[in-house]
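Structure first, commentary second.
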Amino acid sequence: MCGKSLLCVASLLASAYLVYCTQYVTVFYGVPVWRNASIPLFCATKNRDTWGTIQCKPDNDDYQEITLNVTEAFDAWDNTVTEQAVEDVWSLFETSIKPCVKLTPLCVAMSCNSTTNNTTTTGSTTGMSEINETSPSYSDNCTGLGKEEIVNCQFYMTGLERDKKKQYNETWYSKDVVCESNNTKDGKNRCYMNHCNTSVITESCDKHYWDAIKFRYCAPPGYALLRCNDTNYSGFEPKCSKVVASTCTRMMETQTSTWFGFNGTRAENRTYIYWHGRDNRTIISLNKYYNLSIHCKRPGNKTVVPITLMSGLVFHSQPINTRPRQAWCWFKGKWREAMQEVKQTLIKHPRYKGTNDTKNINFTKPGRGSDPEVAYMWTNCRGEFLYCNMTWFLNWVENRPNQTQHNYAPCHIRQIINTWHKVGKNVYLPPREGQLTCNSTVTSIIANIDVNSNQTNITFSAEVAELYRLELGDYKLIEVTPIGFAPTREKRYSSAPVRNKRGVFVLGFLGFLATAGSAMGAASLTLSAQSRTLLAGIVQQQQQLLDVVKRQQEMLRLTVWGTKNLQARVTAIEKYLKDQAQLNSWGCAFRQVCHTTVPWVNDSLSPDWNNMTWQEWEKQVRYLEANISQSLEQAQIQQEKNMYELQKLNSWDVFGNWFDLTSWIKYIQYGVYIVVGVIVLRIAIYIVQLLSRLRKGYRPVFSSPPGYLQQIHIHTDRGQPANEGTEEDDRDDDGYDL
């Protein structure tokens with residue numbers, strides 16, 4: 001008896017546990033959760049008058065940053081923001097300079113001879129070691145800038161007259177042609193244009209300027225940008241604890257140069273180094289206290305001579321000049337002090353494992369055999385490509401004895417340029433006529449750190465893309481995923497719709513991210529306001545993008561921004577519709593907290609509502625999302641079936657429905673069906689009974705009787721009874737009187 005009682009009690013307890021302790025999936029909309037993303041960004045700028053920024057969104061500096069109490073991983077090299085910057089700047093650069101005509105006709109044999117009175121690049125050591133604004137060299141050609149060795153070539157091609165060959169004269173730098181050593185005739189060598197058979201070469205159609213463009217990147221609606229705000233961030237940080245969120249990056253300027261970065265926006269009153277997480281690539285931000293700058297100048301005049309190769313094809317050449325090396329660059333500022341601080345900062349870097357003696361840390365040039373863009377400092381000055389030999393400058397910075405030291409570098413302008421982002425070569429027009437000058441602020445150094453046992457070399461690099469690792473490497477693009485799952489004991493939820501107060505304070509799109517560092521319980525209490533903030537921000541960003549698209553309908557093909565802006569808007573709409581469609585498929589449309597009937601899949605996995613953030617919880621349940629989503633969809637399908645059946649029953653609950661005309665027509669229809677059914681049933685029953693009687697030998701009642709003779713019974717006379725009075729009474733009823 002006692003055992004049965006215990007069993008009953010245990011059963012009751014188990015039932016109560018299943019009823020009250022079972023947890024169900026609850027859908028939350030508006031939670032501060034995100035994932036890494038790689039969608040196209042769009043641009044914003046203040047100056048929309050230039051061709052490169054006319055399609056950008058107007059910049060109003062209204063980009064507040066919100067501090068997040070979270071920890072995130074940042075990597076300047078594995079970063080979609082920096083990759084997009086490199087691709088976009090390259091597209092703008094290529095569109096601006098416009099190389100377009102293939103020069104395969106120049107891959108012909110040429111008869112060349114060297115010009116006279118040529119000197120080597122750095123053979124002259126005369127002149128002042130340092131110059132400034134008041135020096136004569138600043139306004140004229142600097143003494144000591146050697147002449148570039150050039151060659152004068154002749155070749156024959158079919159010109160406008162197809163049946164005749166015409167002789168052409170062309171001047172090349174000696175490094176732009178390759179000559180056969182054992183093939184000389186009359187003191188002339190047989191030469192070809194260098195690299196003509198190894199790359200696709202194009203020539204510029206017209207002369208264009210490459211002006212720097214200032215812009216910032218902005219995330220589409222539904223996305224955001226996180227930034228590591230840690231001063232010790234060095235380009236790779238798996239756990240950055242000082243994170244801020246924004247919709248746009250800082251303002252940046254397009255840069256295209258090797259060795260140095262010009263006019264960057266990351267310069268501070270300190271020197272810091274971004275170091276690649278897996279190799280020796282670095283980008284060094286220079287201290288702006290030292291006022292480092294570069295001033296480049298091309299004195300004198302130049303003339304351009306067009307050469308008609310054939311109908312519709314013109315190659316632009318320049319005549320032999322007594323001073324082919326046309327440019328030089330002067331470095332201003334406290335360069336020696338700045339370079340010394342770079343060495344000291346390198347020693348303190350956590351990844352540095354070399355010598356601690358700054359005397360054994362040297363700035364060096366790349367090795368021989370490198371491309372010209374690597375061996376020389378390459379930059380663009382007013383549309384002209386300068387190649388500067390930095391030997392004198394490095395000797396001056398390092399104060400190397402017995403070496404030629406100058407704070408300026410000799411430069412020359414080239415026509416054949418190696419593309420800095422893709423493999424290939426472009427041929428541009430010779431320099432435009434007149435004097436050219438350009439001034440820039442030096443803000444960074446691109447270098448590789450080569451560490452030996454007792455010596456460290458800081459070798460200058462030609463990785464132009466590294467400039468954008470420094471500019472945008474502390475950002476990362478995220479996709480806001482405001483839909484979250486968590487287990488609760490509530491099986492279903494129903495309440496009257498709550499009316500929103502008019503005075504709700506909206507922080508903007510990033511307002512709900514401010515609760516990312518809060519506990520899950522605290523963040524869940526404000527989901528209504530957060531979801532309204534999220535939707536309001538998305539609508540606001542979409543409206544801004546729509547304004548841009550309306551103004552750029554006729555200029556979508558000019559720059560890369562037109563396509564990216566349209567793609568950003570489409571991405572935003574797709575994301576919003578995807579979230580709403582997903583909520584609707586679960587039966588949770590327009591609800592901030594949606595309780596379901598789906599049991600929680602893992603009872604051992606439960607959130608800590610008081611101490612765990614939504615981002616931390618999301619990382620734990622991410623592998624369950626597919627199963628949860630499928631279960632929610634199946635439950636919603638079953639719920640819709642149940643609702644359909646219930647709606648069919650609900651039509652009989654309302655008393656007024658009984659008096660509906662359409663209902664009465666149905667009732668009459670049903671009555672006719674019933675009467676006809678009863679008649680048919682009676683006929684069927686009668687036929688069955690008739691058949692059963694026939695089988696037993698009975699005739700139907702309604703059948704005609706066969707002919708027969710009626711028998712009349714004749715009774716014999718009996719004597720008259722004595723008592724006649726009683727005879728009448730006693731006679732047989734069956735008798736007949738005759």
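Placement of Cβ uses the backbone N, Cα and C atoms for every residue, glycine included.
The disulfide bond annotation in Swiss-Prot covers C43-C56 (among others).
Swiss-Prot lists C100-C205 (among others) with the feature disulfide bond.
When secondary structure is read from DSSP and collapsed to three states, C107 (disulfide bond) falls in the coil class. Per Swiss-Prot, disulfide bond is recorded for C107-C196 (among others), and the stated evidence type is similarity to another entry.
Of all the Cβ atoms in the protein chains shown, 22 others lie within 10 Å of the Cβ of C112 (disulfide bond). Classification of C112 (disulfide bond) by DSSP places it within a strand. Annotation comment: Swiss-Prot describes C112-C153 (among others) as disulfide bond, evidence class similarity to another entry.
Taken from Swiss-Prot, the feature disulfide bond applies to C218-C248 (among others), supported by similarity to another entry. In sequence order, L41, F42, C43, A44, K57, Y63, T247, C248, T249 constitute the residues six or more apart from C218 (disulfide bond) in its chain with CB-CB distances below 8 Å.
Taking a C-beta cut-off of under 8 Å and a sequence gap of six or more, C240 (disulfide bond) has these contacts in its own chain: T71, E72, A73, F74, C228, D230, Y233. Marked as disulfide bond by Swiss-Prot: C228-C240 (among others).
What Swiss-Prot lists as disulfide bond is C296-C329 (among others), and the listing cites similarity to another entry. In sequence order, I294, H295, C296, K297, M377, L386, C388, Y408, A409, C411 are the residues near C329 (disulfide bond), counting only same-chain partners six or more apart with C-beta under 8 A. Classification of C329 (disulfide bond) by DSSP places it within a strand.
According to Swiss-Prot, the region 'V3' annotation covers 296-328.
Within 10 Å of the Cβ of C381 (disulfide bond) there are 24 other Cβ atoms, across all protein chains. Per Swiss-Prot, the feature disulfide bond maps to C381-C438 (among others); the stated evidence is similarity to another entry.
What Swiss-Prot records for C388-C411 (among others) is disulfide bond, and it gives similarity to another entry as the kind of evidence.
The feature coiled coil is assigned by Swiss-Prot to 615-636, with sequence analysis given as support.
Marked as transmembrane segment by Swiss-Prot on the basis of sequence analysis: 671-691.
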C381 (disulfide bond) and C153 (disulfide bond), Cα-Cα, nearest whole angstrom: 28
Whole-number mean of pLDDT values that fall within the region 'V3' (296-328): 57
Nearest of the disulfide-bonded residues (C56, C381, C438) to C107 (disulfide bond) - Cα to Cα: C381
Least Cβ-crowded entry, counting other Cβ within 10 Å, from the disulfide-bonded residues listed as C43, C248, C438: C438
From C56, C381, C438, the disulfide-bonded residues whose CA lies within 10 Å of that of C112 (disulfide bond): none
Rounded distance in angstrom between the Cα atoms of C381 (disulfide bond) and C56 (disulfide bond): 25
Collapsed DSSP category at C296 (disulfide bond): strand
Greatest C-beta neighbour count within 10 angstroms, which of the disulfide-bonded residues C56, C107, C153, C228, C296: C56
